[in-house]
Amino acid sequence: MAAPRAVLLLSGKRKSGKDFVAEELRSRLGPDVCTILRLSGPLKEQYAKEHGLDFQRLLDASAYKERFRQDMIRWGEEKRHADPGFFCRAAVQGALQPVWVVSDTRRLSDVEWFRATYGDVVQTMRVVATEETRKRRNWVFVTGVDDAESECGLDQGVAFDWVITNDGDKVALDEQLEMLVQSLQRSL
């Protein structure tokens, strides 16, 4: 595994458009330069193994995943409490591109692990969207999910290097992403 030149830790609320922004960055930088890493992938894979579930179905936005979401959050917190870098180490395995976009950074312990491991190449980014916008994207507040650490863990305690507003204004989003892409290209 080659050392990354830039590690961008994305965070944001459900339906803020984190995955969309991550895909846009990879598209603009190119897949040979940028890879998207997901902390939830290794979590869901291990959870599926330990609980006899369908891993692929836990990856999509289905009712199947929603049925297990709260228990998966609880289980993941137990794993992180025992070893804060458990899912971070699993996510970076095999990453070869110089730019890593971690599309689902949710906890201060994730940020701390990446900073301790990769130092100055780490940047934090918050994707924000109004509650109105998120509701238009079919977000509905779920107690035990939207008020859990998995959604609120980075609401405080992080001074974000980048804040990207993703409320549906394509021109404004393009301008913000272009500034970010230019900054990342300078690090290569």
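Glycine residues also receive a Cβ, built from the backbone N, Cα and C atoms like all the rest.
Copied over from TrEMBL, here are the features:
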- Lys13, Arg14, Lys15, Ser16, Gly17, Lys18, Asp19, Arg137, Gln176: ATP binding site (BINDING)
- Asn166: substrate binding site (BINDING)
Given the binding-site residues Lys13, Lys15, Gly17, Asp19, Gln176, which one's Cα is the least distant from that of the residue listed as 'substrate binding site'?
Gly17
So among the binding-site residues Asn166, Gln176, who's got the most Cβ atoms within 10 Å?
Asn166
Sequence gap of 6 or more, C-beta under 8 Å: which same-chain residues meet both conditions with respect to Asp19 (ATP binding site)?
Ser103
Comparing the binding-site residues Lys13, Lys15, Gly17, which residue's C-beta has the most other C-beta atoms within 10 angstroms in this structure?
Gly17
If the ATP binders are Lys13, Arg14, Lys15, Ser16, Gly17, Lys18, Asp19, Arg137, Gln176 per the record, what's the largest distance between their Cα atoms, in Å?
21
